[in-house]
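One structure is given here, and the rest of the page talks about it.
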Amino acid sequence: MLKPLLSIFLLFLVAQPLVVHPRILRSTNAHFIHQNHESNIQKGDETSELVSVAKARKYLKAFGYLESDKVDFNDTRDMKTNDEMFDEMFYENLEAPIKKFQEFYNLKVSGKLDSETMKLMSNPRCGVADVGTIVPSKFALSDWKPKWLKTHLTYTFDPLGVKIAPIDVLRSIFNLAFKQWSRVSTFTFEEVSNNGTDSDLIVGFYSGDHGDGFPFDKYGPSLAHAFAPMDGRLHVNADKPWSTSDPIESGYYDLVWVAMHEIGHLLGLDHSSHDNAVMYAYVNIGENRRKLSDDDIAKINRLYSSSGFGNYSQCPAVRLLFSAMFTFWYYSLLVFLFCKYF
């Protein structure tokens, strides 16, 4: 009696599909903008509007709001006026991304490229995408948040980078920036020799294409960018005017502010929608911000409040490993039962 029942049970198990939920790895394709976004949309000037919309489309794609920028220019759109055709072709698929951008930065949510939206897009900012994080594999890993599995991190300066200031000045600047984060978290930071091979983090100043797939541009909005754990690279645009003094020189960017911001990315933080936060993407020229906001502090402690395993259990690679292990033991059990009773 046992064998027939066991046979039915085994057939039932084999017949059930093994459900594995794949986690899609999507390339961010987050190339940074290389245009000056000072042009405004002029009502009635279709050429000016075309340029502005094209820039906005590229901007939204660069910073993670738009996955595809394909527009079908061969669509004749019969029975439409010229103005209607223009609106449909060049604003196609832009309303939702624009709304997402406006909502994130607490602007009036209209889905339109109004003056307030275009003004913010024209401001200098961090080059890291708002949606999705630059990670070592250059993939956006859905809701998984990479983070460090240790709290003592070493850092150094790339000796091959551009020399924008004496090294002692840069050491003082970044020492101050790292201290701001160590004061509000469990992290400690230590500078090591500048061979760049044994440190967890490496800081470099570069011009143009510097080999990481995210080139800088002297006239573009990107001031700096950093890679999420556990890559450790922090790159600063050497062609921008940097101030290492306090108060900040007129017409210059505060290097301490930008350093603190990029260190936040090194630790795994995304951009903040709070305009008083250090992790806010945009930087005001001629101003400084050297104190972490309540939002910055809350997010760094929230990210590292859970165990490392709990966080990495959301990693697609770890989930795939668990799935493979389950599959192996599942079919091993079937083989064992079959050999034992048949």
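Each residue, glycine too, has its Cβ placed from N, Cα and C.
TrEMBL: automatically predicted annotations, no manual curation.
TrEMBL lists 1-22 with the feature signal peptide.
Each residue in the motif 'Cysteine switch' (124-131) gets a DSSP state, and the totals come to 0 helix, 1 strand, 7 coil. The motif 'Cysteine switch' feature in TrEMBL is assigned to 124-131.
Using a 10 Å Cβ-Cβ cutoff, His261 (Zn(2+) 2 binding site) registers 28 neighbours. Taken from TrEMBL, the feature Zn(2+) 2 binding site covers Cys126, His261, His265, His271, Met279.
Under the heading domain 'Peptidase metallopeptidase', TrEMBL lists 144-306.
Cβ neighbour count for Asp200 (Ca(2+) 2 binding site) (all protein chains, 10 Å cutoff from its Cβ): 19. Taken residue by residue with DSSP, Asp200 (Ca(2+) 2 binding site) is part of neither helix nor strand, so it is coil. What TrEMBL records for Asp200 is Ca(2+) 2 binding site.
What TrEMBL lists as Zn(2+) 1 binding site is His210, Asp212, His225, His235. Summarising the environment of His225 (Zn(2+) 1 binding site), the number of other Cβ atoms within 10 Å of its Cβ, over all protein chains shown, is 22. His225 (Zn(2+) 1 binding site) falls within a strand segment according to DSSP.
Look at TrEMBL and you will find Asp217 tagged as Ca(2+) 3 binding site. Of all Cβ atoms in the protein chains displayed, 19 besides its own lie within 10 Å of the Cβ of Asp217 (Ca(2+) 3 binding site). The secondary structure of Asp217 (Ca(2+) 3 binding site), as reduced to three states from DSSP, is coil rather than helix or strand.
Taking a C-beta cut-off of under 8 angstroms and a sequence separation of 6 or more, Glu262 (active site) has the following same-chain neighbours: Cys126, Ala224, His225, Ala226, Leu234, Val236. The active site annotation in TrEMBL covers Glu262.
For 320-339, the entry in TrEMBL reads transmembrane segment.
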Fill in the blank from the handout: Going by C-beta under 8 A and a gap of 6 or more residues, the same-chain neighbours of Met279 (Zn(2+) 2 binding site) are His261, Gly264, Leu269, Asp270, His271, Ser272, Asp295, Asp296, Lys299
Problem - His271 (Zn(2+) 2 binding site), number of other Cβ atoms within 10 Å - result: 24
Problem - binding-site residues compared (His210, Asp212) - the one with the fewest other Cβ atoms within 10 Å - result: Asp212
Exercise for the section: Give, as a single whole number between 0 and 100, the mean pLDDT over the motif 'Cysteine switch' (124-131). Expected result: 95
Completion exercise
His235 (Zn(2+) 1 binding site) falls, by three-state DSSP, under strand
